[in-house]
Amino acid sequence: LLGHPIFSILHSLRCLASRMDGGDLLVVQPRHQAREHLQEALRLAETFSGEDCPHMEIGKSSGFRPYPSTFLGPGAVESIYGRCQELGCDRVFVNAPLSGVQLRNLERAVKCDVIDRIGLIIGIFAQRAQTKEAKLQVELAKLEYESSRLVRVMDASGMRGAFGEGREVVSARDRGSSGSSGLGGGGPGERELALQKSRIGRRKRMLKKRIEDVRKTRALQRKGRKRNNAPTVAVVGYTNAGKTTLVSKLTNKHLRSDDMLFATLDPAVKRLDLPSGKFALLVDTVGFISDLPVQLVDAFQATLEEVQEASIILHVLDASIPDVLEQRESVIQILRELGLKDEDLSERVIEVWNKADNMPDIPDLWTPGSYQSPKNEFMGEGLMSQFGRRPGRGCSARVMVSALNGFGLDALLHEVEQKVVAVTGSRPWAPS
């Protein structure tokens, strides 16, 4: 059983997760990044580990040039090692994408498991995956990530063994002397590398076939909605912007909406009653993040197609945070990567500036739990003055709301109905 190819593949797939189990996690934030990135890194680490994590800022604040071998300079690496020894941490999260060689060299230098930004986000997705569809997509993303980071397993005696779980990255320079023969020119290790790549390739093809079946099923469902003239409203936005809370409030359906990153991975389709008495279908989607790993974008195409095919898109933003504009641009960039053109962004997108209850310059003008708000023109002096009253690039309408208290939701529903009529050219279909 242990020698079965499928067991070997699954064993290899657990490489990332097994190195992340247990122990304290030290967050390393490169100082050349924006200050807001540190808060996001801490939230990512907390979401993954389930607890607050210590952190340290490292490197130059300007003129930073990554070292090819370790990404960070020798002094920074030594500081990380000292901090790990001081705190007793056995895992380090570097908030930057690292190559396989950089991961290996950092692990050797700091004597801890090292996780980069891409690996941690994929690890969070793996924790959140509940349905069969989500698990398929996450496994494919992990395979894409791990296949470029095949490492050599060390046995108990320290001899080089097979390729899969371990810490020593295979390099072209060392490949000729891999294996236990020590004679160069290939050896058993190189053959094992080829076998491992072959097994991973077969597993990826199988996963892609299953995900393709999921895409066909979703396409049939969308075709059925179109036959019934059913407009769809996709909810997108930066992770933890309040998308699921908004969907729950608009549809009067309780959906789990934890205050954590990537709480939702599977799209939930709910009925949205509109002011005219007609309705549309509201689709909650996975949250985005800056520098979302391309492996996840590719693997979650079946889910993200709901965004591409939607009649209109609600782009939910957390209006209470300082870097809301940066998050806005990140989401718009991902929408473009999904194939939406500028005219789609201008005609089909409604920006929903959420969490008005956390805005210091928004007066308490609404009754908690009420959908009625006196005026939605008040958008917050310091924030919305950056845009003026006209919507900006990548947006055709803008509404300030509080999904928690219900402020502005009546205005949002009217805006949704008007937008559906404008985009589809007909009134939303009436309930049967």
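The chain as shown is numbered from 1 upward.
Each residue, glycine too, has its Cβ placed from N, Cα and C.
Annotation source TrEMBL lists GTP binding site at 237-244, 262-266, 284-287, 354-357, 402-404. Per TrEMBL, Mg(2+) binding site is recorded for Thr244, Thr264. Among the features that TrEMBL reports, compositional bias 'Gly residues' is placed at 179-188. According to TrEMBL, the feature domain 'Hflx-type G' maps to 231-424. The region 'Disordered' feature in TrEMBL is assigned to 169-192.
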Mean per-residue pLDDT computed across the domain 'Hflx-type G' (231-424): 75
Candidate with sparsest Cβ neighbourhood (10 Å radius) among Lys243, Lys355, the listed binding-site residues: Lys355
Whole-number Å value for how far Thr244 (Mg(2+) binding site) lies from Val286 (GTP binding site) (Cα to Cα): 10
Cα-Cα distance linking Thr244 (Mg(2+) binding site) and Ser402 (GTP binding site), given in Å to the nearest integer: 13
Most crowded position, judged by CB atoms within 10 A, among Thr244, Ser402 as binding-site residues: Ser402
